[in-house]
Amino acid sequence: MLILTIETSCDETAAAVVRDGRTVLSSIVATQVKDHAVYGGVVPEIASRKHLESIPVVIDEALRTASVSLDAIEGVAVTQGPGLAGALLVGTAVAKAIAFARRLPIVGVNHIEGHLSAIFLEREVAFPFVALAVSGGHTHLYRVDGIGRYTTLGQTRDDAAGEAFDKVAKLLGLPYPGGVEIDRLAAEGDPASISFPRPLLHDGSFNFSFSGLKTAVLNHVRKNPVQEDGQQLRDLCASFQRAACDVLVTKTLLAAETEGIGRVVVAGGVACNSALRRDMAREAADRGIELAIPSPSLCSDNAAMLAVPGDFYLSRGISDGLSLDALVNWPLDTIRTRLES
């Protein structure tokens, strides 16, 4: 099945053409980083306007790169949520217009389900597995028993990990997007130079909390001002990053061991972080756990990842029709009802 996928949940306008939920013929992403950098974060109104400007061009480019026309498309998958309301509405409106004009089946895909499924565009992973979805808006642990079959094991109680990275970067005066800058500076820093807390590390749950870690960094900077782009800044970034990664790695692998599952998938924008990828790989290998992390281009927001669940649902006759609407909040473990209806 040849499907067109559209992603506009936050600040990336993306479209892709994918065959049979595995073969990516094109994947186009228009970023808005420069538009939001001056504000130090995503401005929802600006994001929506940029989506409106970019989406026709992005879809045309996806079709052109795939060497297909809309006549060849057999279905449409679009990010339905969670995400920014205005941004989601742009994508869903365009997707429904295409589906209506071409009389195509359309299905809404959960943004997090897309991230957890991205790995299947590069390799197969046997079910069940434990998945860490870690990004600017989400830090969740799931047991995944199949497409559409998710059980929440733990989640952040406050800030998402990516949000903590961005907020720490902002208080340090680093450019947006901050997570990338922290990763870059940390590579030349000493992660043992500052002892930051590891919130909830040994509380017996699979939940996360990053607000306390963020506050600890703020208090340290107030007492120990750092020079711009000096070694102290590099050491601070490395120490903060190590603390955050320690919690993510420890909780994820403990969840896998507790569930009796020997496979872990890490997905989402923060999965691009070099320290997280390295530390997770080392610790997983030491425990005999199979680890799968998509390439960085598939960790950040993209439309190709939607094709895995999109094709799964559409090929089984599961679609939403033109009543599909944006869902700002859409818990992943509620998707199971789609398979049961």
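Note that Cβ sites are derived from N, Cα and C of the backbone, with glycine treated the same way.
Just so it is clear, the model here is predicted, and its values are computed rather than measured.
Pulled from Swiss-Prot, these are the features on record:
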| type | residues | note |
| --- | --- | --- |
| BINDING | His111, His115, Asp301 | Fe cation binding site |
| BINDING | Ala133, Val134, Ser135, Gly136, Gly137, Asp166, Gly179, Asp183, Asn273 | substrate binding site |
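Taking the Cβ of Asn273 (substrate binding site) as centre and 10 Å as the limit, one finds 27 other Cβ atoms among all the protein chains shown.
The record gives His111, His115, Asp301 for Fe cation. Within 8 Å of the mean position of their Cβ atoms, the other Cβ atoms in that chain belong to Glu7, Ser9, Thr79, Ile112, Gly114, Ser135, Gly268, Gly269, Asn302, Met305. The two recorded residues Asp301 (Fe cation binding site) and Ser135 (substrate binding site) have their Cα atoms spaced 10 Å from each other. Long-range Cβ neighbours of Ala133 (substrate binding site) (same chain, at least 6 residues apart, Cβ-Cβ under 8 Å): Ile112, His115, Leu116, Thr139, His140, Leu141, Tyr142, Ala267, Gly268, Leu332. Around His115 (Fe cation binding site), taking its Cβ as the centre, 29 other Cβ atoms fall within 10 Å, counting all chains. When the record's substrate-binding residues Ala133, Val134, Ser135, Gly136, Gly137, Asp166, Gly179, Asp183, Asn273 are compared pairwise by CA position, the greatest distance found is 19 Å. Taking CA atoms as the reference points, Asn273 (substrate binding site) and His111 (Fe cation binding site) are 20 Å apart. The binding-site residues in question are His111, Ser135, Gly137, Gly179, Asp301, and the one with the fewest Cβ neighbours inside 10 Å is Gly137. His111 (Fe cation binding site) and Gly137 (substrate binding site) are 11 Å apart (CA-CA, integer value). Under DSSP, Ala133 (substrate binding site) is assigned to a strand (E or B) in the three-state scheme. Taken residue by residue with DSSP, His115 (Fe cation binding site) is part of a helix.
A distance of 20 Å separates the Cα atom of Gly179 (substrate binding site) from that of His111 (Fe cation binding site).
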